[in-house]
Amino acid sequence: MKQTKYIFVTGGVLSSLGKGIAAASIATLLKNSGLKVSILKADPYINVDPGTMSPFEHGEVFVTDDGAETDLDLGHYERFLDESLSQDNNFTTGRVYQSVIEKERRGEYLGKTIQVIPHIVGEIKDRIKKAGEGKDILIVEIGGTVGDIEGLPFLEAIRALRLEVGKNNAMNIHLTLVPFIKAAGELKTKPTQHSVGELRRIGISPDMIICRSEKALDRDLKDKIAISCGVEKNCVIESVDAASIYQIPLNFLKQDILSPIAEILDLKNLKPNMENWDSLVKRVIAPSNEVKIAFVGKYVDLKESYKSLTEAIIHAGAALDTKVELKWVDSEKLENMESSEVFKDVSGILVAGGFGYRGVEGKIKAIQYARENKIPFLGICLGMQLALVEFARNVLKLKDVNSSEFNEKCQNPVVYLIDEFMDTNGEKQIRTAKTPLGGTMRLGAYKCDIKEKSLLAKVYNEVKSVKERHRHRYEANPKYRADFEKYGLIVSGESKGLIEAVELNCHPFFLAVQFHPEFTSRLEHVNPVICSFIKAAINYEDN
């Protein structure tokens, strides 16, 4: 297949309907039909990337192998496709304008007046084409909702691109809400009709409509939507609330979603093999066992902030045929609570990453309880750094211990800001406490060398090194390494002198890692760190 074919996914009525899940589900079916598939997310907001956005604004920032800070939908794409994506798979209005302005400053436009059409729209089209190079199919999700002023250049770009590549090489899928009105006792199609009307005014006619709803759509309702929105009857697909997002590809397959896609894009033999996926989904929905772990974090009121981590726990549960119940513990509130009361009914304690001092002492309290009571413990990113702080305070008995992130003048900064590091391209990066925040962290996949015969080595099946993804500014201070190891806190993973993992040698499972194992976990290939922690929690409960 020479010409890359495009599937453009837009959304209407309101945001957060699940365009990303729908796009990822279609991609999964196409990939399992033997096609080379990739996905791109185009975000209309003006931030260059979500790296400096609050979790309460944006949810999780997902990090790719090459260090791009991206939309959380890229996490869904990777988990469904079981492939690693890159910075080419996500861009924003801010990134587009930044690129165009830089080209203008370099004189690349030869003195022309820079306009939305053709320059901004052209940049968007170029980025879409680049993401699709070497692929049979590129699915392009346009963030936001049709009607948003920010999204107009993106919609113009996909309208123009479809015209450019020809009708058999591109299609438009529009995802809308079909709300159930309890007072009337029926589903209403009017919001969908209005949304499609708005899309048509922009110059785009959808080829397929995916209807998000609480309840199933009957045949008459689907026919009504097809007639009023100008699509074939087999191109109205329902997406009813499901027990798990991993059911969605299977639900789409049952509705024969690939037949109209194959017809529109002139594809043949789309018969996906979803047997393994189906088996895992059954374990997600109806597992044989159950275990409860405490999830200690500062953003527990907005669980989207930990999306990759909660999904990785689901993956581990599926692999172990176990439902993992999460007990959400607000680390800030924990500071004034009794640890024994909070953790009395859990079989594992997970301390997640985060930024800023709020809730830090609560996380340290949770780590101390896990260490002293020999409850399986996993610390991630800040969770590892605070494990060092807790150990230095309560085992080494050092005074005025902290991370320099929270107290620059403390006597014993067991975690500190390093001035120089090598990025994923092997280039030296220099930073200080005054360096701008955007894009200045240690980002992306780095090699971690593993200590032989350690818990970490056992977790990774005795391999000598692994690559995992990072997102942090501060590092463990090597000055204290000898003292930590003397008292039993062993460095079991390192990267060019930087401490990547620590573990306790007199504890059933106490592991803390600087990297984010959740970013590389997929339903069909769970990350070993997450899986081993859940397995340890199951063993703790059994014993």
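Just so you know, glycine gets a Cβ as well, placed from its N, Cα and C.
Per Swiss-Prot, ATP is bound by Ser16, Leu17, Gly18, Lys19, Gly20, Ile21; the candidate from Asp73, Asp82, Asp88, Asp126 named for the same site is Asp73. L-glutamine is bound by Leu382, Gly383, Met384, Gln385, Glu405, Arg473 in Swiss-Prot, and the record lists one more residue there from Gly354, Gly356, Gly497, which is Gly354. Ranking the recorded positions Lys224, Arg473, His516 by how many Cβ atoms sit within 10 Å of each one's Cβ puts His516 at the top. Of Gly383, Glu405, Glu518, all annotated as recorded positions, the residue with the shortest Cα distance to Pro191 (UTP binding site) is Glu518. Here the binding-site residues are Ser15, Thr189, Thr192, Gln193, Gln385; the one with the fewest Cβ atoms within 10 Å of its Cβ is Ser15. In this view, Glu518 (active site) is surrounded by 27 other Cβ atoms within 10 Å of its Cβ, with every protein chain counted.
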